[in-house]
Amino acid sequence: MAGPPALPPPETAAAATTAAAASSSAASPHYQEWILDTIDSLRSRKARPDLERICRMVRRRHGPEPERTRAELEKLIQQRAVLRVSYKGSISYRNAARVQPPRRGATPPAPPRAPRGAPAAAAAAAPPPTPAPPPPPAPVAAAAPARAPRAAAAAATAPPSPGPAQPGPRAQRAAPLAAPPPAPAAPPAVAPPAGPRRAPPPAVAAREPPLPPPPQPPAPPQQQQPPPPQPQPPPEGGAVRAGGAARPVSLREVVRYLGGSGGAGGRLTRGRVQGLLEEEAAARGRLERTRLGALALPRGDRPGRAPPAASARPSRSKRGGEERVLEKEEEEDDDEDEDEEDDVSEGSEVPESDRPAGAQHHQLNGERGPQSAKERVKEWTPCGPHQGQDEGRGPAPGSGTRQVFSMAAMNKEGGTASVATGPDSPSPVPLPPGKPALPGADGTPFGCPPGRKEKPSDPVEWTVMDVVEYFTEAGFPEQATAFQEQEIDGKSLLLMQRTDVLTGLSIRLGPALKIYEHHIKVLQQGHFEDDDPDGFLG
């Protein structure tokens, strides 16, 4: 049949559902598997698994009629293996095993897809645990021997002989659990089983009230003993639901165990628990605060090692952490001082006769990186004839051909300083006539009258702004900014190939072709006779 299968009216569906429910109370494993797989595949394709889609897909894949699929789906809903969800007036279905666990309790019980291959009786027995209601069923309550009140009573009445056996494994578990602080969200996931987790604190507390005695190995549990007895009286439904087997610890229990208010003031989030865990670890010296306020593992500490003594350890590691932080700060301050000295010594005076033009350009534009804002302001403010004296970097007497470079010209994008010698900048000895000066990347110092020199005839010596000016004069002002953003100076321009212009500059293809052709014409006019015109400029 070409169209989608005609679904029966609700009355017929209800009758079919009740008849099927009367005949067999549990859905057959085949149908359960088919329906759950269909729901999962629809959700994975972001399609809403409503009744019509589920019936159509089950029929296409496996062949049963929509009425039968509906009946089986109703059974699965009764078994709580499938959840019916109403969203914006339309009803869809979800696989209960993939739904997030309820927020208040621990993780949900075993997923309901387990009885897939099991007989119908096992499937029928599965329903009660899944909804996770606060009042637990009687058999589950009976099967939970580790309930908090019973544990407290047992701890109060128990003789001290079984006591030492309990804290041993717990201490071994708790030490690695508290030791690696970078994963504070781990306690809920890596939780020990419910029995030994809840029972020992009162037993240990009742057995050894004084904290100091060193022979006791479990240092972390002892330090945290006073808070745990508080949560014992009010048992939560979540504590009972797990049936006494391994139950992950809820965030609320972790907060109470660390002595915080158990989420009384608003929602309990992982962030709050993480903050409590970090504070606890920092207070006990397992973490140290950096200068920026973050928490980091002390350098000497390894996560696996247990602390030697309970009382001596926190104060010692706290002191050690402060000393380490102080040492770090001193080292960083020393490094900064050295960097500043290097900046001044490198940028102060440049013997021009010893350096080629490229080296002059890179001396301040290269590896040193942008300078601090204070230094930039100092270097920008002076202009006019007193520039060298105001900067405090005037030439030494008898310095021969040394020349003072103004640091005023700053490249707008990069923020790095480039060497500039305008006609304003004083030079004790006049420049050699044949040596062209490098114009500043931006032209003139801020607030100073424009006194740029003309663009050098040799493009090797062009700066970024010379290249921008060249293309602006050629009639491509918008595209010239692309050359400025990429910081293409004369040398880079000479090395560019055709593909670099067309694809590497984020210029649209039409203008890029025009720019390239304009430049080829310039080449043909004999601007650069010696260069090979295959490249962009050579």
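Any Cβ shown, glycine's included, is placed from N, Cα and C.
Note on S44, S261, S311: Swiss-Prot annotates phosphoserine at S261; no matching annotation appears for the rest, which is not proof of its absence.
In Swiss-Prot, the feature phosphoserine is attached to one residue out of S161, S427, namely S161. Over the domain 'SAMD1-like winged helix (WH)' (23-99), the average per-residue pLDDT in this prediction is 89. Counting residues of the compositional bias 'Basic and acidic residues' (282-291) by DSSP class, helix then strand then coil, yields 2 helix, 2 strand, 6 coil. With DSSP classes pooled into helix, strand and coil, the tally for the domain 'SAM' (462-530) is 47 helix, 0 strand, 22 coil.
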